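The active site, proton acceptor annotation in Swiss-Prot covers Asp312, and the record cites sequence analysis as its basis. Summarising the annotation, Swiss-Prot assigns phosphoenolpyruvate binding site to Lys21, Gly92, Arg120, Gln166, Arg343, Arg385. What Swiss-Prot lists as 3-phosphoshikimate binding site is Lys21, Ser22, Arg26, Ser164, Gln166, Asp312, Lys339.
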Amino acid sequence: MDIEVKKKRFLKGVISVPGDKSISHRAVMIGSIAEGITEIENFLLGEDCISTINCMKNLGVDIELKGTNVKVQGKGLYLNKSEKILDVGNSGTTIRLLMGILAGQKFETTLTGDDSIKRRPMGRVITPLSMMGAKIEAREGNFAPLTVFGNKLKGIYYKMPIASAQVKSSIMLASLYADDKTTIEEPYPSRNHTELMFSSFGAKVEVNGTKITCYPGYKLQGQKVIVPGDISSAAYFIVAATLVPNSEVTIKNVNVNPTRTGIIDVIKEMGGDIVLTNERTINNEKVADITVKTSRLKGIEIGGSLIPRLIDEIPVIAVAAVFAEGKTVIKDAEELKVKESNRINTITSELKKMGAKIFETEDGMIIEGTGFLKGNTVESYNDHRIAMSLWVAGLMAEGETKIKNAECVNISYPDFYKTFDML
């Protein structure tokens, strides 16, 4: 499906965004290996999270979905062997986190996914899980499809070469099956939803700076999980309301976990008018309402420990940078190359088609703030984050912008276009 977007004169309104993708995935997985019932409210009905539900069902877990409410009947740590190959669709979170759970089972499981998943690096998970005693056979180059042979696992000390919440979470899930404690050291803190959820479900986790230690032998008990709105989905409205003239948008009940709020910090540093109200804590997660007003932005440099806190938002930050005064430099973001698309390359090439002065670098991009884009036909590369970022670009471009394969937003935000139409 192709979709057309035209320049907007203003954006005004109060909206909610769907449940957080990271928390939705983890609630289903951890609920599945806990004992008793886990009830999840405001679950994200995106394709990726549905892939997680389907995989857990194939492993013998009883899961009931009614609207955005999910009821998981936990089986405890040990699941049933799947009769079929598990298909994770487009979901990197599903395949990487599931590998951690499957490493400690008493059977083997084969995992596959779509073409994008088959191009994404799995070695970063295979290496630490193998050190723990897991046996994993993958396609040459450590790509999916891959087979995980469940085994007795041992605790390890693992120093991660890059900050990745998916890799960290996979090791943490495997650590539940180990004979001794496991310590993970990150170069920078990545999103910590797994640590927070482990604690609320009864696992023993100690966090000391960038070191996370998990202890086996603690029973996980089913919980009630209320999933806050996803800040990665809110990011498109934050940037759009900052750029489009005469705008004021409030986004209700958004997850403002400090490991995820890089987008707010960056837009504020660029000159954005963003106010958080009604701040509270739900299931160990910080939640707030976010109000954004039109602002004039200036270019800045973004890199280092900030990158893991906004890795998924960099494409839409690039759009904001086009309308900032001066130059914006984004560095230390090589991780973007191994997302659903090579996001450094894809956002650069598509914004160039719209007239942006944007240049790809080895680990990021440089954007000259020209304050101008013209409508064109652009490609989403079947990457939901690219499609949504280009939609925001289209709201500011002269003329009409056509986004090809725009339905890929269903991965994380099926009602994305509809929500914008409400403003």
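Any Cβ shown, glycine's included, is placed from N, Cα and C.
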What is the maximum Cα to Cα distance, in Å and rounded to a whole number, among the residues Lys21, Ser22, Arg26, Ser164, Gln166, Asp312, Lys339 annotated as binding 3-phosphoshikimate?
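19 Å is the greatest Cα spacing among the residues binding 3-phosphoshikimate.
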Below 8 Å Cβ to Cβ and six or more residues apart, same chain only. Which residues does that give for Arg343 (phosphoenolpyruvate binding site)?
Ile314, Pro315, Leu336, Lys337, Asp383, Arg385, Ile386
Which residues in the same chain, at least 6 apart in sequence, have a Cβ under 8 Å from the Cβ of Arg26 (3-phosphoshikimate binding site)?
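Expected: Leu97, Ser169, His193, Thr194, Met197.
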For each of the binding-site residues (Ser22, Ser164, Gln166), count the other CB atoms lying within 10 A of its CB, then report the residue with the highest count.
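The most densely surrounded of these binding-site residues is Ser22.
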Of Ser22, Ser164, Asp312, Lys339, which is closest to Gly92 (phosphoenolpyruvate binding site) if I measure between C-alpha atoms? They're all recorded positions.
Lys339
What's the most sparsely packed of the binding-site residues Arg120, Arg385, counting other C-beta atoms within 10 A?
Arg120
In the structure shown, which of the binding-site residues Lys21, Lys339 has the fewest other Cβ atoms within 10 Å?
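Looking at the binding-site residues Lys21, Lys339, the Cβ with the fewest others within 10 Å is that of Lys339.
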Give me the CA-CA distance between Asp312 (active site, proton acceptor) and Lys339 (3-phosphoshikimate binding site), in Å, as a whole number.
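Counting only the Cα atoms, the answer is 9 Å.
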Distance between Arg120 (phosphoenolpyruvate binding site) and Lys339 (3-phosphoshikimate binding site) at the Cα atoms, whole Å?
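The Cα atom of Arg120 (phosphoenolpyruvate binding site) is 7 Å away from the Cα atom of Lys339 (3-phosphoshikimate binding site).
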